[in-house]
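Engineer: Below you'll find the structure I mean.
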Amino acid sequence: MTSKQSLNPLKGKTGWRRFIGVKRLIALSMLAALGYIAWRLRQEGLLHPEAIQSMLSEHPVQSVLLFTGFFMLAVLTTFPSLPLNLAAGYFWGGILGGVLIASAGSLAAIIAFVLARTTIGQPLAHRFDNRIVAKLQSEFDAKGWRFVAFARLNPIMPTGALNYLFGLTSLKLRTYATTTFVFLLPPSIAFAILGEQAGGFMIEGQTQTWVQTALWIAAGATLLIAVKYLSKILNQSKE
């Protein structure tokens, strides 16, 4: 299979396989199953930190795997995962809890990446006629890992949705996976330490103030970097 063919997993197929395909059917089934499981758990209130705390107390030996599964499911279904990051620090300490969150988050990110690429392909890797978009694509092709790194370090970025979006680009899986873990580790440890220091996982009181401050700083930095970067792209596209 050539690199061009790999951009579209259904290229060259005819009949019903052109629209469904075995791999696409499997990927869609997995997404549907994950969505249903998450919906059921939310209906039962089992994705809330309080419920998870109760389960960890009842199953201390399997607690790490249980928590990892809950966190991965939250990321895969774009459920807010910050309370779970704080909870990891509360349960296992800042460093160990942060490493656990970064590992679970990276595994979930890889699964989402592969599911998106298997299901849809890489439509964002195709060249567009618009000069600005084409320039953005060239930048991403050359420095894609920087985009991933920025997204992982920034707590205001919608991690769950971006995982699927990155799968539609020209990024290589190895680059994506490595960059995700390396740059997801610092913020994961930081919020786990916050959960450890706060002595809990509820975003309220002093913890809420710290989290809001971090998010406002991240939002301001994101806006400044985005404006500067887009200005650079616009100027280069006019040359």
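Each residue's number is its place along the chain shown, starting with 1.
For all residues, glycine too, the Cβ spot is worked out from N, Cα and C.
Copying in the features that TrEMBL gives for the protein in this structure:
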- 79-196: domain 'VTT' (DOMAIN)
- 20-39: transmembrane segment (TRANSMEM)
- 60-79: transmembrane segment (TRANSMEM)
- 91-116: transmembrane segment (TRANSMEM)
- 175-194: transmembrane segment (TRANSMEM)
- 214-231: transmembrane segment (TRANSMEM)
Engineer: Taking helix as H, G and I and strand as E and B in DSSP, count the residues of the domain 'VTT' (79-196) in helix, strand and coil.
Structural biologist: 96 helix, 0 strand, 22 coil
Engineer: Of the listed stretches 60-79, 175-194, 214-231, which one has the most C-beta pairs under 8 A with the transmembrane segment (91-116)?
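Structural biologist: Of the candidates 60-79, 175-194, 214-231, 175-194 scores highest.
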